[in-house]
Amino acid sequence: MARRFGVVAAHGKPEAVELADRIQRWLAAHQCQIANEEALPVVWPELDAIIAIGGDGLIMRVAHHYPDVPILGINVGRVGFLALAEREGWERALHDLVHDRYHVQEGPTLAVQLERGRSVLVDAWAINDVVVRAGYQLIEVELYIDGQFVNTYPGDGMIVATPQGSTAYCMAAGGPVLTAGVHGFAVTPICPHSPIRIALVVPEQATIEQVYVSDREARLIIDGEPVASLERGDLVRVRRGKQAFRLVVLPGTNFYEAFRSKFNFQIRPEAQPSRRTRNADTPSGAR
């Protein structure tokens, strides 16, 4: 049976659109069935994978629209940490894809509800993170884990991040990077007005609740998209989501090498390992 792949490109990047056209011609020449962006809403449940040509934003949008379908990201953005193949190596990546030389890494998602009194104002899910974010003034957020009060955090807000989201806003705010295989979520205060700046890593089974206890402007942000303004007493409840974020992982993918190169994390650029290291095909904690 012919393999079936969807192809989506970032429309704002001419180089991505041009590469998408080349990829579709290549797939057709290798006896694969192709679904372009217009056909995806109908055929997506039948696809072997979706090839997303762009950056991390495009990959997350595709995952939101077509949950549980494996995604191969080809990076034509800047950092592109979720895009595990680079533009220069697209043909080799497709060879591995069509010949089943890959595995699928499943990452957890976040189910989020915003409750105001007895009303549920937001019922959504996130791939990377759920953020309570201040406007221009300090706010206060109460944090509860599994019903137990942790603390009240004065500052700019709070981030709850998945492993794949931990290398995004969470890391920038000083939170931990969670590698794949860590079955937990990072809870990171944003610029807390305190000398104690401690992020938490909680189990995937935990229920994370944030109660907004300020009268100042703040928003609920899901995967970078503002979805609601917050009022005093609002409750943001976060649990593990039902959906899975599925990435196509190609042979030779190495999370730590990608982490060094894409985030310029080389303290000494000339540093080399003193012993042989093995290639790890599983990228831990992709963003």
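Keep in mind that glycine also has a Cβ here, set from the backbone N, Cα and C atoms.
Here Swiss-Prot flags Asp56 as active site, proton acceptor. DSSP assigns Asp56 (active site, proton acceptor) to a helix in the three-state reduction. Around the Cβ of Asp56 (active site, proton acceptor), 25 further Cβ atoms fall within 10 Å across all displayed protein chains.
Summarising the annotation, Swiss-Prot assigns NAD(+) binding site to Asp56, Gly57, Arg61, Asn128, Asp129, Asp156.
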Between any two of Asp56, Gly57, Arg61, Asn128, Asp129, Asp156, the residues recorded as binding NAD(+), what is the biggest Cα to Cα distance in Å?
-> 26
Compute the C-alpha separation of Asp129 (NAD(+) binding site) from Asp56 (active site, proton acceptor), stating it in Å without decimals.
-> 13
Within 10 Å of the Cβ of Arg61 (NAD(+) binding site), how many other Cβ atoms can be counted across all chains shown?
-> 17
Fewest other CB within 10 angstroms, which one of the binding-site residues Asp129, Asp156?
-> Asp156
